[in-house]
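Q: Please find one structure pasted underneath; my questions will follow.
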Amino acid sequence: MTTLLQFVILGLCTGALYALSALGMVIVYRGSQVINFAHAAIGVAGAYGFYELHDVRHLPFFAAFVPAILLCAVLGVLVQFGIMRPLQNSSPLVQILGTLGVLAVIQGALALRYKQQTIAVTSSLPRDPVTLGGISVGADRLLILLVVVVVAVLLAWLYARTPFGRATSAVAEDRTSAAYLGYSPNAIAGANWAVGSMLAGTAAILLAPITGLQTNQLTLLLVPALAAAVVGRLRSFPITVGAGLLIGAVQAVLGRYANAVDWGSAVPFVLVLVVLLLRGSRIPGRGHVELRLPAVGTGRIRPVTVIVLAVLAIVVLQVLPVGWVDGAITTVATGVMILSVVVVTGYGGQVSLAQVVLGGIGAWVAGRLVAAMGLGFGPALVLGVLAALPVGIIVGLPALRTRGANLAVITLAFGVAVEALLFNSAPLTGGDVGTQVGFISLFGIKLDTIFNPRNYATFCVVAFAVCGLAVANLRRGKAGRRLLAVRANERAAAAAGVNTTAAKLYAFSVGAMIASLGGILLAFRDSSIVYYNIQAFHSVDVLGYAVFGGVGYVAGPLVGGILQPGGFGTNIGNLFSPAVQDYLPIIGGALLILTLLTQQNGVVHLEARRWGRWLDAAGSWLRRRRTRPVVLPDEDPSVPRVQPKTLRTEELSVTFGSTTVLNGLSMEVAPGQVVGLIGPNGAGKTTAIDAITGFVQPSAGRVLLGEDDLTRQPPRRRAEAGLARSFQQLELFEDMTLFENLLVVSESRSWSSYVKDLFWPGTPKLSPAAAAAVRMFGLSEDLHRKPTELSYGRRRLAAIARAIAAEPSVILLDEPAAGLSQHESAELEHLLRYLADERGMGVLLIEHDVDLVMASCDTVTAIVFGTEIVSGTPEEVRRDATLIEAYLGRPVGVDVEMEDR
Ligand SMILES: Nc1ncnc2c1ncn2[C@@H]1O[C@H](COP(=O)(O)OP(=O)(O)OP(=O)(O)O)[C@@H](O)[C@H]1O
């Protein structure tokens, strides 16, 4: 028992340092809404600075400590102003990568100077043993614990009670409003980066005497600190400290009682997994802001170009010097791994920092099958690729309830755990000696890289071509459109009936299989695979390479793969100096940062545009081919009536916290009926639509469509049952053309397309209902355009057309006339009647344009503060005094016309 307590206390001390570093992350996040993945790197840079001054130049503790943490502050401020400020409106992916670029540069710079050696650092804190209740612990550990608790209390006070803290909270709440109040968001962000970075430095300086100073110390500090900060919601100081202490204590106990395996490395992963799964939500809330990810290509294949390039590559490989063939192998094999990022992040919009580890798992399975079971390379490769599939699904599971930076944290933590438990486990991998796979061959062709590197390089090129074609096919097929819909807007995707769960898990599983193939190709370059070399943090580089090349483009990975050490980048660098190899991590990090600042869509996007311009200049016939107009199916005069179903809400109530926003709403929308739902701002109209379509759970009441009780169904099932909705903010899929937007809602939801599309995506065609919607709104000229290329009015019409294209029994329109011209509003009125009278749809219309409501609705329900105040024909409602009073805020006579709001 005493031993257990002793380890708990020791663990608490290490945990206190995680907590200290995590507190810094929380501060940075509060000030700038950025999760800083370079946080530990900045801290470790400070620790090296401290070491130089204190241990090498023998300055007293504080004379070394103060400049060291000031160095961290300067680094933090430079990162904020030089990189994060320009990226402040970018997607979480881009912001994460910005900090990861900084991490690569700092780590690369430290590795240049200090290599991989571990430096012993002397402690300035008193280390005499202190005995507490029979347990003896070093005084330095207790002091650290005390320091962290004091810092947490001070921070809590600073951020709750001082003007600086209030200003930071105001900026965190809303940058624009804070600026109106006179706060400078940038100055506040800079100050928080400085304070947060100083805490990172303090934590690293205090940790160095315990663990020794090493550039790889980042893992030791970064992952647990990230985990603690995420558990504290990047806001709460006490919860963050508690989580850090918990991680430290559990790790210490596991290290004592289960030390055969490094279970401690898995603690941050397990903790974050449990917390995020419990806390997350399937569909993001209404306030979720979708920031655009880098651009996605069309996936269009030019077969002649592909064949010519592949043949050319294979021919060139036969004559290249051997050093360059090795470079080609590394570049192309890494390219295969990066293709997995194109699927998961480029198409699926999910940030995964586990791709290298997934590749490593595939390589491990294949390697063991060859070495231990004597299986041939071919079958081992197939089984290795298949083995990654279930692991990919496991990695993808958290993505069902969390997204963005949180997902990046959890996938990184997963990678670190697998690295420690599998790749660093000598019994499982063969340790330093590795796994002997010998000289491999396939169908009698020798593929070893010692005597037959050109064959292996050719095999890598073929593997890339096959995967690249599959990924391009995926982009053009139904499955790809589902992924892009989820990436662009999860809420709208769910409302369109897309199974977001299936789409995400599909992206992760296909990504895992491709990553696994890449991992196998990289591992089997050697006749002895040393799994120690597979590092979880390398996924960070791979994600960076992907964005550098163009994360949405199939050709991007080949450009990104050049940066991989040992690839073409090394070959090119060696032409100038062999030392370039050492600088590659720094160059890679700097290039990534530059790409993010200047061209987030990647090199290939830039080139594609350049080529596009060239094609434009080359002749109009080529231009015609590029912007081939989408052909609508012939007009079908008999667009069928929809399946008639009546929507009923029974005593529907919604409560947020203690506030009841919707209070027992009962209404009915029958087939062929247009029903208006009106009320002043904040009355609860959108909440009613959200509750009917499954985006918020009602606290009481029922939602029925025909005979089906939909009250507990997710949005997708309600869409399948026959409900479609438009959103106030339109929520179109911005990365897709209008044609693709319409396809997402109207094409069949077959599961088979998840497999078929990889090989044969087919030619997409609009359904008669979608084509009719396009004609109705005169959108045929806009079909090949993306929503951003349309005027606001046309975007609105496009959003309504998309909802109609799903052929719903009942359509719910949330302020469809907002921003429309008078002419367009008149057309909308005509359309609403057409949908009800000719197509038999039930229409629920939320609108502030009272004239439109009165002219087009059969019945109108008015709500105020979530409660129905009147319901009846437009004429009855128009003359209701209570409603007029609610709208105008004062009692009036019945003859007063309601204002057109
Ligand atoms: N997720 C939420 N958490 C807490 N309160 C919420 C949430 N969503 C909406 N509300 C509150 O519920 C009330 C009703 O909002 P709702 O958007 O449904 O009104 P509305 O009638 O559609 O208004 P408008 O006409 O301005 O769109 C508002 O006070 C709003 O602030």
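Including glycine, each Cβ sits where the backbone N, Cα and C put it.
The transmembrane segment feature in TrEMBL is assigned to 34-51, 58-81, 93-112, 193-213, 260-280, 301-321, 327-349, 356-375, 381-400, 407-426, 505-524, 544-563 (among others). Per TrEMBL, domain 'ABC transporter' is recorded for 647-890.
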Q: Using a Cβ distance cut-off of under 8 Å, indicate which of 34-51, 193-213, 301-321, 327-349, 407-426 has the most pairs with the transmembrane segment (356-375).
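A: Ranking 34-51, 193-213, 301-321, 327-349, 407-426 by Cβ pairs under 8 Å to the transmembrane segment (356-375) puts 407-426 first.
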Q: Quick test of the contact rule: Cβ under 8 Å, at least six residues beyond the ends. What residues does that give for the transmembrane segment (381-400)?
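A: Non-local partners: 273, 276-277, 280, 282, 350, 352, 354, 358-359, 361-367, 369, 375, 407, 410-411, 414, 500-501, 504-505, 507-513, 515-517, 519-520.
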Q: Give residue numbers and ranges for long-range contacts of the transmembrane segment (93-112): same chain, 6 or more residues beyond its ends, CB-CB under 8 A.
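A: Beyond its ends, the transmembrane segment (93-112) has Cβ neighbours at 34-39, 41-42, 44-45, 48, 75, 79, 83-84, 87, 215, 218, 293-294, 345, 351, 404-405, 408, 540-541, 543-544, 547, 582-586, 588-590, 592-593, 596, 600.
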Q: Report, as numbers and ranges, every residue of the chain located at least six residues beyond the transmembrane segment (301-321) whose Cβ falls under 8 Å of a Cβ in that stretch; write 'none' if there are none.
A: 328, 454, 457-458, 461-462, 465, 469, 472-473
Q: Which residues, given as numbers and ranges, are at least 6 beyond the ends of the transmembrane segment (193-213) yet have a Cβ under 8 Å from it?
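A: Same-chain residues near the transmembrane segment (193-213) but 6 or more away: 14, 17-18, 20-21, 23-28, 31-32, 36, 39-40, 42-48, 50-51, 65, 68-77, 79-80, 84, 114, 118-123, 125, 140, 144, 147, 151, 220-221, 225.
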Q: With pairs 6 or more apart in sequence, are the transmembrane segment (407-426) and the transmembrane segment (544-563) linked by at least 3 Cβ pairs under 8 Å?
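A: Counting Cβ pairs under 8 Å (6 or more apart in sequence), the transmembrane segment (407-426) does not reach the transmembrane segment (544-563), since there are fewer than 3.
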Q: Given a Cβ distance threshold of under 8 angstroms, which distant residues of the chain, six or more beyond its ends, lie next to the transmembrane segment (34-51)?
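A: Same-chain contacts beyond the flanks: 21, 24-25, 28, 64-65, 67-69, 71-72, 75-76, 79, 84, 92, 95-96, 98-100, 102-103, 106-107, 110, 113-114, 119, 121, 193, 196-197, 199-205, 207-208, 213, 215, 217-218, 221-222, 225-226, 229-230, 234, 405, 408-409, 540.
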Q: Taking a Cβ cut-off under 8 Å, which residues six or more beyond the ends of the transmembrane segment (58-81) line up next to it in the same chain?
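A: Beyond its ends, the transmembrane segment (58-81) has Cβ neighbours at 28, 32, 36, 38, 42-43, 45-47, 49-50, 99, 102, 106, 124, 186, 189-190, 193-198, 200-202, 205.
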